[in-house]
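Quick look at what Swiss-Prot annotates:
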type	residues	note
BINDING	C562, C571	[4Fe-4S] cluster binding site
BINDING	H664	chlorophyll a' binding site
BINDING	M672, Y680	chlorophyll a binding site
BINDING	W681	phylloquinone binding site
TRANSMEM	61-84	transmembrane segment
TRANSMEM	147-170	transmembrane segment
TRANSMEM	186-210	transmembrane segment
TRANSMEM	281-299	transmembrane segment
TRANSMEM	336-359	transmembrane segment
TRANSMEM	375-401	transmembrane segment
TRANSMEM	423-445	transmembrane segment
TRANSMEM	520-538	transmembrane segment
TRANSMEM	578-599	transmembrane segment
TRANSMEM	653-675	transmembrane segment
TRANSMEM	713-733	transmembrane segment
Amino acid sequence: MAVKVDKDPVPTSFEKWGKPGHFDRTLARGPKTTTWIWNLHADAHDFDSQTSDLEDISRKIFSAHFGHLAVVFVWLSGMYFHGAKFSNYEAWLNNPTVIKPSAQVVWPVVGQGILNGDVGGGFSGIQITSGLFYLWRAAGFTNSYQLYVTAIGGLVMAALMVFAGWFHYHKAAPKLEWFQNAEAMMNHHLSVLLGCGSLGWTGHLIHVSLPVNKLLDSGVAAKDIPLPHEFFDASVMAELYPSFAQGLKPFFTLDWAAYSDFLTFKGGLNPTTGSLWLSDVAHHHLAIAVLFIIAGHMYRTGFGIGHSMKEILEAHKGPFTGEGHKGLYEILTTSWHAQLAVNLALLGSLTIVIAHHMYSMPPYPYMATDYGTQLSLFTHHTWIGGFLIVGAGAHGAIFMVRDYDPAKNVNNLLDRVIRHRDAIISHLNWVCIFLGFHSFGLYIHNDTMRALGRPQDMFSDSAIQLQPIFAQWIQNIHTLAPGGTAPNAIASASQVFGGDVVAIGNKVALMPITLGTADFMVHHIHAFTIHVTVLILLKGLLYSRSSRLVPDKGQLGFRFPCDGPGRGGTCQVSGWDHVFLGLFWMYNSLSIVIFHFSWKMQSDVWGTILPDGSVSHVTGGNFATSAITINGWLRDFLWAQSSQVINSYGSALSAYGIMFLAGHFVFAFSLMFLFSGRGYWQELIESIVWAHNKLKLAPAIQPRALSIVQGRAVGVAHYLLGGIVTTWAFFLARSLSIG
């Protein structure tokens with residue numbers, strides 16, 4: 001299929017670049033009131049509101065993607081530059097179990113020098129928990145010069161992306177049919193991006209990472225390791241991996257087993273580094289590459305063979321599903337909001353899956369014994385996943401309001417879900433009530449029994465047991481199965497299911513995670529909070545066009561404060577408001593998830609190996625006995641573990657002590673926006689303006705109180721920011737102290 005582009009569709013205008021709000025007639029006139037700056041930010045990237053031409057909207061989104069990639073490359077470049085210029089990476093490489101990673105040095109302008117703690121090896125700096133040192137070692141970086149070069153490469157890529165964004169909007173812009181060619185896009189993304197991308201990474205792992213890491217593991221100093229290009233010599237590689245002496249002969253004679261010295265299937269963790277075997281990782285990426293290159297030949301493009309997505313979707317109907325998926329292909333090729341909603345839901349869920357793999361199958365050398373990094377990466381991926389999933393709810397509702405055409409969706413699955421929305425939402429609501437009362441009820445019972453001195457009547461591992469038998473069964477199966485399915489493997493996929501304790505330098509990297517009554521109870525709190533988040537987002541989506549309360553909701557748009565005067569009790573019903581409320585429950589859910597993870601790991605996994613071979617855990621296994629009451633969570637988790645952040649003043653961790661307070665302050669500040677009405681502020685502003693007029697200081701731009709929606713947006717933003725900063729400080733001060 002020929003690539004279709006329009007040449008020079010939009011002239012490059014520096015005049016427009018210099019004019020804020022050029023995309024909107026009202027905004028382009030400049031500010032009359034302070035509302036202008038808020039509307040400018042709200043609408044700058046709302047391409048739907050700037051034009052109704054789907055082709056132009058598609059081009060703007062496409063161009064913005066390149067802008068986004070440019071920002072990512074600049075950000076990554078900065079990370080690598082810090083690693084090259086301000087870090088102890090080379091010292092850490094040679095003594096990774098003793099020296100701590102640092103890639104930031106504070107200038108002592110007003111005495112911040114105290115923050116540069118001693119991280120070992122004669123280096124003073126801020127200890128980082130991004131895990132980049134571990135990633136760099138796995139990739140085969142052996143000196144800071146290589147990091148410099150990569151940082152420069154990142155800037156070159158950023159410049160290229162900025163150019164591409166400009167070029168594909170102003171010089172050669174793709175036609176709409178190019179954006180709508182789903183089959184070609186899928187083939188390209190599967191084969192080229194995922195397939196060839198994985199194959200390229202496999203090549204790097206085999207030719208650079210494996211030899212470098214094998215030498216580092218065996219104790220060779222980083223400065224004595226050959227440079228990457230020296231490994232192109234097969235005789236040098238053959239010293240480490242004998243099959244290299246045979247070249248490509250085993251490949252073409254189908255004697256692939258010969259390559260099993262660097263493409264392995266060991267399972268478990270490398271006992272030197274506490275990470276997945278790098279040769280397993282290379283093998284995995286090779287397999288992924290083969291799978292995706294084949295998958296990228298599935299769809300029918302210019303050759304008349306393969307699948308058509310439209311045909312697959314329309315053929316997919318069961319006996320009870322009416323028209324099935326008919327009409328969904330058109331939705332996904334004409335509504336980018338619908339497409340984005342599906343992708344965000346999937347990517348968000350996948351990101352939370354990644355959070356769990358980072359600790360259960362740690363991919364990078366020495367990462368598993370850096371408890372601060374493990375906690376940071378779990379928290380980071382969990383929260384990012386949560387934001388993406390709420391974004392799915394947001395764009396799903398925007399699709400319903402702006403792009404959904406009921407006439408084109410008669411009796412298909414989407415129409416049937418919308419027509420069943422009362423049954424769906426009322427049942428989901430019942431599930432939420434059931435989960436909430438029962439899960440919380442178990443804690444209320446336990447607190448009451450403990451308060452009354454009746455431990456024998458509590459739900460606990462030593463009284464009335466509520467063992468998670470299904471989870472224990474899954475753990476058991478995963479521990480035993482490899483013995484039958486992969487008899488040559490050394491260990492199972494992950495030690496969290498069962499197996500031996502893996503320790504690096506007398507520090508636990510990973511060990512079996514035993515589950516009991518405490519886990520069963522908090523698991524059902526997770527189930528409750530996640531279901532409530534889904535309830536809010538799904539209700540917002542299903543009722544975004546109409547409801548019994550506001551039948552013409554679709555006409556009011558995605559975000560509106562209330563259904564006008566004389567309609568009391570119609571506030572917070574817009575699609576936007578459901579996203580606003582969903583964010584609080586997302587934060588609520590994930591706070592309990594990361595608290596559960598943090599305490600469980602400190603209690604049952606992280607710790608040191610004593611001379612007699614037993615494990616001394618950080619909090620001595622108190623999770624099973626303390627996490628079964630609300631009082632236990634407050635006393636033995638929040639209060640006991642916040643001692644490090646509260647007592648951090650005067651130490652290298654003191655910034656976290658200040659951030660802990662600042663985060664609480666920002667959180668409290670958010671309540672000022674969430675608990676007060678617009679009228680209060682407008683009244684206050686008018687009295688302040690009167691005072692200015694009295695002094696002949698009248699402002700040229702008229703002050704206006706934030707709109708109701710803007711106030712809620714500022715409120716939820718500061719609520720989340722305050723909560724995230726507080727948690728960040730609490731977790732980091734704690735984990736860096738125990739780490």
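Glycine is treated like the rest: Cβ placed from N, Cα and C.
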Shortest C-alpha distance to the residue listed as 'phylloquinone binding site' - which of the binding-site residues C571, H664, M672: M672
Beyond the flanks of the transmembrane segment (61-84) by 6 or more, those residues with Cβ under 8 Å of it: 45, 47, 103-104, 130, 132-133, 136, 144-145, 147-148, 150-155, 157-159, 161-162, 164-166, 168-169, 174, 179, 336
Sparsest Cβ surroundings (other CB atoms within 10 Å) among the binding-site residues Y680, W681: Y680
For C562 ([4Fe-4S] cluster binding site), the one of H664, M672, Y680 that lies nearest, given that the binding-site residues are compared by Cα: Y680
Contact ranking winner - 147-170, 336-359, 375-401, 520-538 against the transmembrane segment (423-445), Cβ under 8 Å: 520-538
Three-class DSSP secondary structure - Y680 (chlorophyll a binding site): helix
Residue among the binding-site residues C562, C571, M672 whose Cβ has the most other Cβ atoms within 10 Å: C562
Alpha-carbon spacing, M672 (chlorophyll a binding site) to H664 (chlorophyll a' binding site), which is rounded to whole Å: 13
Same-chain residues at least 6 apart in sequence whose Cβ lies under 8 Å from H664 (chlorophyll a' binding site): G722, T726
C571 ([4Fe-4S] cluster binding site) versus Y680 (chlorophyll a binding site) - Cα distance in angstrom: 17
Segment-segment contact (the transmembrane segment (578-599); the transmembrane segment (713-733)) at 3 or more Cβ pairs under 8 Å: yes
Of 281-299, 520-538, 653-675, whichever stretch has the most CB pairs under 8 A to the transmembrane segment (713-733): 653-675
